[in-house]
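Quick look at what TrEMBL lists:
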- B:45-62: transmembrane segment (TRANSMEM)
- B:107-132: transmembrane segment (TRANSMEM)
- B:138-156: transmembrane segment (TRANSMEM)
- B:168-188: transmembrane segment (TRANSMEM)
- B:208-228: transmembrane segment (TRANSMEM)
- B:248-271: transmembrane segment (TRANSMEM)
- B:291-319: transmembrane segment (TRANSMEM)
- B:340-359: transmembrane segment (TRANSMEM)
- B:365-389: transmembrane segment (TRANSMEM)
- B:401-420: transmembrane segment (TRANSMEM)
- B:426-445: transmembrane segment (TRANSMEM)
- B:604-625: region 'Disordered' (REGION)
- B:608-625: compositional bias 'Basic and acidic residues' (COMPBIAS)
Number of protein chains: 2
Amino acid sequence: MDIWHLLIGRPLKTAEAQSEEIGTSEGLAALSLDALTSVAYGPEAIAIVLVGLGVAGIRYLLPESLAITGLLALLVLSYSQVIDAYPKGGGAYAVSRENLGTGASHLAAAALLIDYILTVSISIAAGIGALTSAWPELLPWTVPMCLALLAVVTFLNLRGVGESARAFLLPTLLFIVGLLAVLGWGFVHPHLTHPVHPVPVRPPHASAFFLMKAFAAGCTALTGVEAIANGVPLFRKPRQLRAKRTEWVLGILLATMLIGIAALTIRFGVIPGGNQSLLSKVMAAAVGRSWAFFVVSLAITAVLGLAANTSFGGLPLLASLLARDRFLPQSFAIRGDRLVFERGIWVLAIASAILLVAVRGNTQALIPMFAIGVFTGFTLSQLGMVVHWVKTRPRGWQMRALLNGMGTVATGIATLLFVITKFPEGAWLVVVAIPLLIWMFRRVYRYYQRVGQELGIGRVPDPVEPRPHPIVVVPITPTLTELTRRALDHALSLSDQVIAVVVLFEEPGDDNASTKTAKQFLQAWEVWNPPVRLSILKSQYHSVVKPLLRFISTLERQADERVLVLIPEAVPEGLGASLLHNRLGSVIRQALRRRTDVVIGTVPMHFPDSDRKSTGQKEKPGLQS
Amino acid sequence: MDIWHLLIGRPLKTAEAQSEEIGTSEGLAALSLDALTSVAYGPEAIAIVLVGLGVAGIRYLLPESLAITGLLALLVLSYSQVIDAYPKGGGAYAVSRENLGTGASHLAAAALLIDYILTVSISIAAGIGALTSAWPELLPWTVPMCLALLAVVTFLNLRGVGESARAFLLPTLLFIVGLLAVLGWGFVHPHLTHPVHPVPVRPPHASAFFLMKAFAAGCTALTGVEAIANGVPLFRKPRQLRAKRTEWVLGILLATMLIGIAALTIRFGVIPGGNQSLLSKVMAAAVGRSWAFFVVSLAITAVLGLAANTSFGGLPLLASLLARDRFLPQSFAIRGDRLVFERGIWVLAIASAILLVAVRGNTQALIPMFAIGVFTGFTLSQLGMVVHWVKTRPRGWQMRALLNGMGTVATGIATLLFVITKFPEGAWLVVVAIPLLIWMFRRVYRYYQRVGQELGIGRVPDPVEPRPHPIVVVPITPTLTELTRRALDHALSLSDQVIAVVVLFEEPGDDNASTKTAKQFLQAWEVWNPPVRLSILKSQYHSVVKPLLRFISTLERQADERVLVLIPEAVPEGLGASLLHNRLGSVIRQALRRRTDVVIGTVPMHFPDSDRKSTGQKEKPGLQS
C-alpha cells in the first residue's frame with residue numbers, strides 16, 4: 001500500500017458506498033451548519049457598514065437584523081414548499097433546469113459553483129478568525145492555519161466522509177447551546193463582566209441607500225438556508241416532514257442568534273474592527289475571557305470547519321451532474337478509489353486556497369463576493385417554483401405561487417442591492433466570473449458534441465478485418481545492448497519488415513571521437529547481423545528526435561503502408577534510478593504522439609533502484625526469448 | 001518556433017560551436033573576474049572579524065591584507081607551474097585524478113561543485129549589494145533583484161555564451177581602471193571629501209587565534225585565482241606564455257586592490273556593518289557620492305554579474321566530465337539544442353537561487369561556506385603537482401616540487417583554519433555536503449556498472465530471428481467508437497489472436513443504469529461483430545486498471561506466449577482539449593509499464609482544441625482503413 005492510500009484509506013467496493021439515513025438533529029448537524037455559522041460574520045458585515053455613521057450608527061443593527069429575519073422567514077416558508085415539491089432534492093440547478101430551461105440552469109450552476117468555493121473560504125477564514133480572536137498570539141499564523149484546516153477538510157473528503165452526520169452532532173450541539181447560553185448570560189448579568197460603553201440612544205440620520213447597503217451586507221447571514229431542501233433524500237421517512245421540521249428549527253435558531261447578537265452589540269456598545277471578530281467581542285463582553293468564552297470560541301471554529309465540509313459535499317456532486325450533462329470535463333463525473341468525485345474536491349480545495357491566500361485569511365474581505373451566488377440561486381429557485389406551481393396546479397397552487405413569487409421578488413431585489421452596493425469592493429469579480437463560467441459550459445458542451453460526432457458515438461462502427469503487417473521502425477542507440485536485442489526480437493514477431501534506425505551526430509570540436517563511435521557501431525552490427533534493415537541518419541544538430549520524425553514522415557508518405565514505431569525503453573524503478581536514465585524514449589514517444597498518427601509501442605526493460613536484481617523476477621517466461 | 005526557442009535562440013548545428021582564441025586582456029576579462037571581484041567582499045570579511053576588538057581593531061587590516069597578499073604570491077607562482085605542466089587545462093579534478101587517484105579526484109570534484117554554486121550566489125549577492133550600497137532606496141528589492149540578475153545570467157548561458165570574452169572587456173577595464181583611480185584619489189585628496197574618523201594608532205591586544213580567524217575570513221579574497229590555469233586551451237599561441245602573463249597581471253592587480261582598500265579603510269576609519277558594503281563606504285569616503293562613485297559602483301555590479309557567469313562556464317563542464325566518467329547522471333553530459341550542457345546550467349541556477357533566497361541576498365552570510373571548496377581544490381592541486389614533479393622529474397624538479405609543497409602546506413593550513421574558525425557559522429554545511437556528494441558519485445557509478453552489465457554493453461547480443469505473433473490485447477470502453485474500430489483494425493494487422501477487453505463496474509446506488517450500459521454494449525457488439533474475442537471483466541471496485549492488470553498477468557502466465565497491449569488513446573491538442581479528455585489511456589499505460597514486461601502500444605486519434613477539423617489533415621493515406 002502506498003503512502004497516498006495510507007492517507008486516504010484503501011479502495012472501496014461499490015457495494016460499500018454508505019447510505020446513512022438521518023433525523024432532525026442529525027439533519028441540523030449535516031445540512032444547516034453553513035446557515036447557522038453565518039452568525040460568525042453576517043452581523044459583523046452589517047455593523048461594519050453602520051459604523052460609517054459613527055458609533056451611534058450601531059443603533060440601526062437591531063432593525064436591520066429584524067429585516068434580515070423577515071427575509072429569513074420568507075425563505076424558510078419558500079423552501080418548505082421546495083421540499084414538498086422536490087422530495088428527491090431540489091437544488092437550484094435541478095429546479096431551474098426543469099422549470100426555466102438550460103440558460104437559467106447554467107446561471108444557477110455557475111452561481112452555485114462560485115458560492116461553494118466562497119463558502120469554503122469564508123467558513124475557514126471565519127473559523128480561524130474565531131481562534132485568533134480568542135488567542136491573539138496566533139494572529140501571525142492566520143494564513144498557515146487556514147491552509148492547514150483546509151487541508152484537513154480536503155483529506156477527510158478524499159477519504160469519503162463516512163459516518164459524518166452523527167460525528168457532527170456533538171460540536172453542533174455544543175455550538176448551539178453554548179452560544180445561546182453565552183448570549184443569554186449577557187442579557188442577565190451584564191455588569192458582572194466588561195464595562196459597558198453606552199451607545200447614544202438617538203441614531204444619526206441615515207439615507208435609504210445607506211440602510212439598504214447595510215441590509216445587503218447582512219444577507220450573507222442567510223447563506224446556506226437552501227441546503228436542507230437539497231438534501232431531502234438523506235432523511236429518514238417520512239422524509240419531507242423531517243426535512244421541513246429541520247428547516248423550521250434552523251430558521252428559529254438562526255433568527256434567535258441574529259437578534260440576540262444585534263441586541264447585545266448595542267447593549268455593550270461593541271464596535272467592529274481590529275483583529276477580534278464582532279461575535280468574539282460580544283461574547284467577551286457577555287461572559288468575560290472566562291472558560292465559557294474559550295470553549296464556545298473553539299466550538300465556533302469546529303462548526304465553521306464542518307460548514308466548509310458541507311460545501312465539499314456540494315460542489316463535487318454538482319460538478320458531476322454538470323459533467324454528466326457534458327457541461328464540464330468528464331473527469332468530474334469519475335469516482336475515485338474511495339468512490340468520491342476526486343476532481344471536484346481538488347478544484348474546490350485549490351480555488352479556496354487561492355482565495356484564502358489572496359485575502360490573507362481575512363473573512364470580511366471575502367464578504368463582498370459572497371451572497372451574490374447564493375442569492376442568484378435563491379431567486380432562480382423561487383422563480384422556478386412559481387413556474388412549477390403554475391404548470392402543475394395542485395390544490396392551493398395560487399397561495400403557493402404567491403409565496404414563492406414574494407420570495408422571488410425579495411431575493412431578486414436583495415441580489416441586485418448586493419451587486420450594486422458591493423460592486424467596487426469585489427462583487428464585480430463574481431459578476432465577471434459567472435458569464436465566463438456559462439461561456440465555458442457551452443464551449444465544453446460543443447467540444448464534446450464534435451468529438452462525439454468524430455468518434456461516431458451511437459453508430460455501429462465500420463467493419464474490421466485482418467490486414468497486412470505494418471512496417472516496424474525501431475529507433476536504437478549506437479551502442480548494442482540487451483535492450484536493442486529485445487526490441488528487435490519483438491519487432492520481428494510483429495512484421496517481416498523491420499527497420500532499425502540510428503541517429504548519429506558529432507560532439508563539437510571532437511570529430512574523431514564521433515567517427516570512432518560510428519565505426520565501432522557498424523562493426524558490432526555486422527558481427528551481430530540481425531535480419532533487419534539498418535538506416536543511419538546523420539544529424540548536423542544535437543537532436544535525435546527531429547531526424548527520426550522526418551524519417552518516419554517520409555516513410556509514411558512513400559510506402560503507403562502502415563508504420564508502427566517500437567521504442568526500446570529502460571524503465572527505472574524508484575526516483576533515484578529515474579534520475580540516472582535519460583528520458584529519450586519518452587521524448588521520442590511524446591513527439592511522435594503529438595506529430596503523427598503512427599502506432600507507437602514501447603518495449604520496456606526494468607532497472608531497479610537498489611542492488612537487488614529484480615529484472616529477473618519481473619520477467620515472465622512467456623516474454624523471454 | 002515556440003516561446004522557449006525565441007528566448008534562447010534557434011537550435012545550433014554542431015559545426016556552429018564557437019571556438020574563440022583570446023589574449024592577455026581578454027583572458028583577464030574571461031577568466032580572472034571571479035578573483036578580481038573578490039575585493040568586493042574579501043576585505044570586508046576580514047574587517048568584520050577585526051571590529052570584534054573595537055574600532056581600533058581595524059588597524060590589523062593592513063598586516064592581514066599583507067599576509068593574504070603573501071599567500072596570493074605563492075598561489076600565483078604555483079599556478080604558473082600548473083600552467084607549465086598542464087597545457088590542456090589543469091583543473092583540480094583533472095590534476096588530482098591523474099596524480100592522486102579516484103578518491104582525491106572525488107574530493108576535488110565535490111569541493112569544486114560546491115564552490116561554483118557559492119561563487120554564483122556570492123557574486124550575485126555582492127553585485128546587488130554594490131547597487132543597494134549606492135542606491136539605498138533599492139534595499140527592499142534585494143532578493144527579487146538577485147533572482148532577476150541570476151535569471152539573466154542563466155538565460156544567457158542557456159543560449160550559449162558566444163563572443164563572451166570580447167564583450168566582457170569593456171566592463172572589466174572600467175572596473176579595474178575605475179576602482180584603482182578611486183582608490184588613488186583617496187590617497188591624494190582625502191580632505192576634499194568625507195570627514196575622517198581617526199582610528200587609534202595603537203591597536204588593541206589580539207590573540208593569535210583571533211588573528212588567524214580574520215586571516216581565514218580573508219582567504220575568500222583569493223577565490224578564483226585558479227581559473228586561468230583551468231582555461232589554458234582558450235588562449236592564443238603561445239598559450240602557456242599568455243596564460244602565465246595573465247596570471248601575473250591578475251596577481252599584481254588583486255594585490256594592489258587589496259592593500260589599497262585596507263590602507264584607505266584605516267585612513268578614513270571606515271567601519272563595516274549596516275546596509276552599505278565596506279568597499280562602497282571606502283569609495284564614498286574617497287570621492288564622495290559623486291558621479292565617479294556611482295559609475296564605479298555600477299561597474300562593480302556588472303563585473304560581479306560576469307564573475308557569476310564564469311561559474312556557469314565551469315560547473316556544467318565539470319559535471320559533464322563527471323557524467324562521462326559515470327559519476328553523475330548521464331543527462332549532465334548531453335548537450336541541448338544550443339550545444340550547452342543544459343542540465344548543469346539548471347542545477348547551478350536552482351541551487352544558487354535557493355541559497356540567495358535562504359540568506360536574503362546577504363553576501364556576508366555566505367562567506368562562512370565559501371573558500372572551503374576553493375581551498376580544498378587549491379590544496380589538492382598543489383599536492384597533485386608535487387606528485388607530478390616527483391614522478392616526471394624534469395630539470396629543476398626539486399625547486400618546483402618545493403614551491404608546490406609550500407603551496408600545499410599553506411593552502412592546507414588555510415583550509416583547516418577556515419573550517420575550524422567558521423564551523424558553527426556555516427562551514428559545517430560544506431563539511432557535511434562534501435562527503436554526501438562523494439557518496440553520491442560512488443552510488444551513481446555502481447548503478448551504471450550494474451545497468452551496463454544487465455544491458456550487456458560491449459558484448460555482441462544474442463541472435464534474433466522471426467518468431468510467432470503475440471496475443472494482442474485491446475482495452476476498450478463500453479461505448480463503441482471510431483477509436484475502438486481503429487485500435488482493433490491495427491491489432492488485426494499485427495496478429496490473428498486479438499482479444500478486446502472491457503471493464504464494467506457499477507455506480508453506487510444505481511444498479512439498473514450499469515446493467516443497462518452492459519446490455520446496450522453487448523447488443524452493439526453483436527451487431528458490429530468484429531473477428532476478435534471479447535472478454536468482459538466485472539469489477540467490484542471503481543477502477544479499470546486493476547482488473548485489466550490482473551487479466552493480462554493471468555494471460556501471460558497461462559498462455560506462455562508474448563502479449564502486446566494496444567491502447568486506443570484520444571490525443572487532445574492544446575491545453576483546453578486535454579482537460580476535457582480523461583487520461584485513462586495514459587493511466588493504463590503507466591500501470592502496465594511499471595508492473596509488467598509486456599510491450600505496450602498506443603493507437604492515437606487526434607482531437608484539436610478549436611473548431612477546425614484537423615484530424616483529417618493529420619491522417620496520412622497509409623494510415624486510414
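Every residue gets a Cβ built from N, Cα and C, even glycine.
Spatially, the transmembrane segment (B:168-188) is adjacent to the transmembrane segment (B:248-271); three or more Cβ-Cβ distances between them are under 8 Å for residues at least 6 apart in sequence. In this chain, the transmembrane segment (B:208-228) lies in contact with the transmembrane segment (B:401-420); the count of Cβ pairs under 8 Å, excluding pairs fewer than 6 apart in sequence, is at least 3.
Sequence-distant residue pairs (6 or more apart) of the transmembrane segment (B:107-132) and the transmembrane segment (B:45-62) include fewer than 3 whose Cβ atoms are under 8 Å, leaving the two stretches without contact.
Taking every listed stretch (B:45-62, B:291-319, B:340-359) in turn, the largest tally of C-beta pairs under 8 A with the transmembrane segment (B:248-271) is reached by B:45-62. Counting Cβ pairs closer than 8 Å and at least 6 residues apart in sequence, the transmembrane segment (B:45-62) and the transmembrane segment (B:291-319) reach fewer than three and form no contact.
Each of B:138-156, B:208-228, B:340-359, B:426-445 was scored by its Cβ pairs under 8 Å to the transmembrane segment (B:291-319), and the highest score goes to B:340-359.
Under 8 Å from some Cβ of the transmembrane segment (B:426-445) lie the Cβ atoms of residues 106-107, 109-111, 113-114, 322, 326-329, 365-366, 368-369, 372-373, 376, 418-419, all in the same chain and six or more residues away from its ends.
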